[in-house]
Amino acid sequence: MFKDFFNRSKKKKYLTVQDSKQNDVPAGIMTKCPNCKKIMYTKELNENLNVCFNCDHHIALTAYKRIEAISDDGSFIEFDRGMTSANPLDFPGYEEKIEKDQQKTGLNEALVSGTAKLDGIQYGVAVMDARFRMGSMGSVVGEKICRIIDYCTEHRLPFILFSASGGARMQEGIISLMQMGKTSVSLKRHSDAGLLYISYITNPTTGGVSASFASVGDINLSEPKALIGFAGRRVIEQTINEKLPDDFQTAEFLLEHGQLDKVIHRKDMRETLSNILKIHQEVSN
């Protein structure tokens, strides 16, 4: 008993004082580059189109920021904003995951679509947002793409689609896979009408999206070092029993092997698209 008393008396007595510096920077003020880890002011980064000042890494843009960057002020008209996913297979927890992503992103689904003008030229646009279910393609994403393509076909508008996706949405099973064929049919009608489709592939674009509408543009563009592919690198290596090149499935690798027309730095994105639309308009007229 006395031994325990003396042992207790030897214990250090102290108070934990919280570091006041921990809360000096409000949330959202700073952003860390996922590539070089440099910390930058979010406002300045946004003004630079989310391109890192230090390593030139192209950090993901939200769907609305992307549209804002390539459209005249106030010209964007959104289509089908209220369309949301059901749970056709009664997949456990799917509704909760959708609701969580809706709250986190402010989006109803992984794609925003509509019409806009760029330097006065009207066009249809669809932009995938990888923050929502990793940009996976389900029934709503496929339906929204088809609706905007069909609108462009009817009104004879060029169409631009920005891909950013992990592939088909597993929670919707075969219904998600059906969107690959469904979107391709709409694009075929658009093409048969003699209209322009620009596929702009961003990081990452994989799975069923890379194997369908992302790869069949009249002009296929991409951003530097974007990951583009169908199956994962490890799966391919195990299947063919060979080591793949270090730059395999990058935009630069695909450009070198003829699968892309050009890799565009984000600062040149608006000007490049404007020039293409102007040329198409002149030829069409």
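A Cβ is built for glycine as well, from the same backbone N, Cα and C atoms used for every other residue.
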Message = Looking at 33-55, 56-78, 148-170, 194-216, which stretch does Swiss-Prot describe as zinc finger?
response = 33-55
Note = In this predicted model, the zinc finger (33-55) has a mean pLDDT of 96
Message = Residues other than CYS33, CYS36, CYS52, CYS55 within 8 Å, Cβ to Cβ centroid, of the Zn(2+) site?
response = PRO34, ASN35, LYS37, LYS38, PHE53, ASN54, ASP56, HIS57
Fewest Cβ neighbours within 10 Å, where candidates are the binding-site residues CYS33, CYS36, CYS52 = CYS36
Request  = Show which residues of the chain containing CYS55 (Zn(2+) binding site), separated from it by at least 6 in sequence, have their CB under 8 Å from its CB.
outcome  = CYS33, ASN35, CYS36, LYS38
Request  = Go ahead and report the DSSP secondary structure tallies for the zinc finger (33-55): helix first, then strand, then coil.
outcome  = 6 helix, 4 strand, 13 coil
